[in-house]
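Copied from TrEMBL, the annotated features are:
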type	residues	note
TRANSMEM	12-38	transmembrane segment
TRANSMEM	59-82	transmembrane segment
TRANSMEM	94-117	transmembrane segment
REGION	176-198	region 'Disordered'
DOMAIN	212-343	domain 'E3 Ubiquitin ligase MUL1-like'
REGION	237-267	region 'Disordered'
COMPBIAS	237-251	compositional bias 'Basic and acidic residues'
TRANSMEM	328-356	transmembrane segment
Amino acid sequence: MDATAPPLQPAVLVTGFDAVALVLLLHVWLVVVGLAVWNDDARTGMAWVDRRIHLSTRLYATLLFLAVLAVWVPFAVGQYPIGPANPFGRNRTVVVAFGVAGLLVGAGFYFLGGVVTNLRSYVTFRRSTPTDARDVTSGPVQVSGTVVPLEEPLEAPVTGDDAVCYRLSATQVIDETDGRLQEREDDQFGSTPARAPTLGSALVDQTSLLKERRTSFAVRDETGQVDIDPDRAQLRLERTASEPVPDDSRPSDPLATHLLESTDLDPTDGNRIYYEESLRTDTEVTVVGVASGSDTGSEPTITAGDTVAEFVVAPGCGETTARHFRRAIVGCSGAAIASSSVGLSILALLAGHGWWIPLPGL
């Protein structure tokens, strides 16, 4: 009697252990997204990134969820670096490697969000037609000109200059030495006075947005002017000044006054570096937005469209703004590819996709 071969059982692609691992990673996702919602004023501390990447909470949560899946998939289709049979199974190196790889993948998807938002803004910018101020009627427009305040101008928090929009952020610093100040011949930010005291050898602990204010203004060119309501605008401001405050000092005016008005910090809190980003009066600016008139027949005002990407306020002329977007897209793309590639390569090695290379001491 011929023996019949037993039927082949379908391979299980996702095991119970895979499900448990995914649940644990999703817990991390929930914690990180929850922290982002709770402290939406937190910043990366990297000026280039903070000026060019503006993610909504929904987009941030979506990208982080995709990053969690990207971290999980190599192990779901491979093996987990645990157990005596694994070269890394009995060493803490795997924990460090996994953590570093996860952070790199997360950073890669964060920069991917920068590519998406900057590309969307750039497409809106290219589709909008440069328009003279007097010819603005309704619909998507792009105007460039000089900033003219429509109300009492704001006082920039560090320089004290007249401005229509500004941000004040602070970086908490942990001094590695004794907190003494060091003199620098060179000025890191052009508007900070030469030989200004700066915090010495230090580690950045946290950067947070303390205060942001905006007021209505107009863009004036040779043909006239058009009003801008910057309430929902995506501000592409550059850092205009900084002021380091050591532990035993008080900030100078007008910074001390602005800190007294803020509920986040006390002027006596030291070991911080304060940064100002402002759009000053009488400077050149480019605005991309949607013009709309009122029912009373007054002059049109440029405001936000359906998305924030349709309303951008950036210092400089139109060509400067276009160059800003192009550089942001290229920079974010390069960072996303490099960071995610390195992170996924480490995860692939940990999951057994490739040659194991035992290193001395592991």
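The first residue you see is number 1, and the count goes up from there.
Just so it is clear, glycine is given a Cβ too, placed from its N, Cα and C backbone atoms.
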- Query: Which sequence positions outside the transmembrane segment (328-356), separated from its termini by at least 6 residues, show Cβ-Cβ distances below 8 Å to it?
  - Reply: 48, 52-53, 70-71, 74-75, 77-81, 86-88, 94, 97-98, 100-109, 111-112, 114-115, 118-119, 122
- Same-chain residues at least 6 beyond the ends of the transmembrane segment (94-117) with CB under 8 Å of its CB atoms are 49, 52-55, 59-60, 63-64, 66-67, 70-71, 81-82, 88, 309, 328-329, 332-333, 335-344, 346-347, 350
- Item | Mean predicted confidence [pLDDT] for the domain 'E3 Ubiquitin ligase MUL1-like' (212-343) | 85
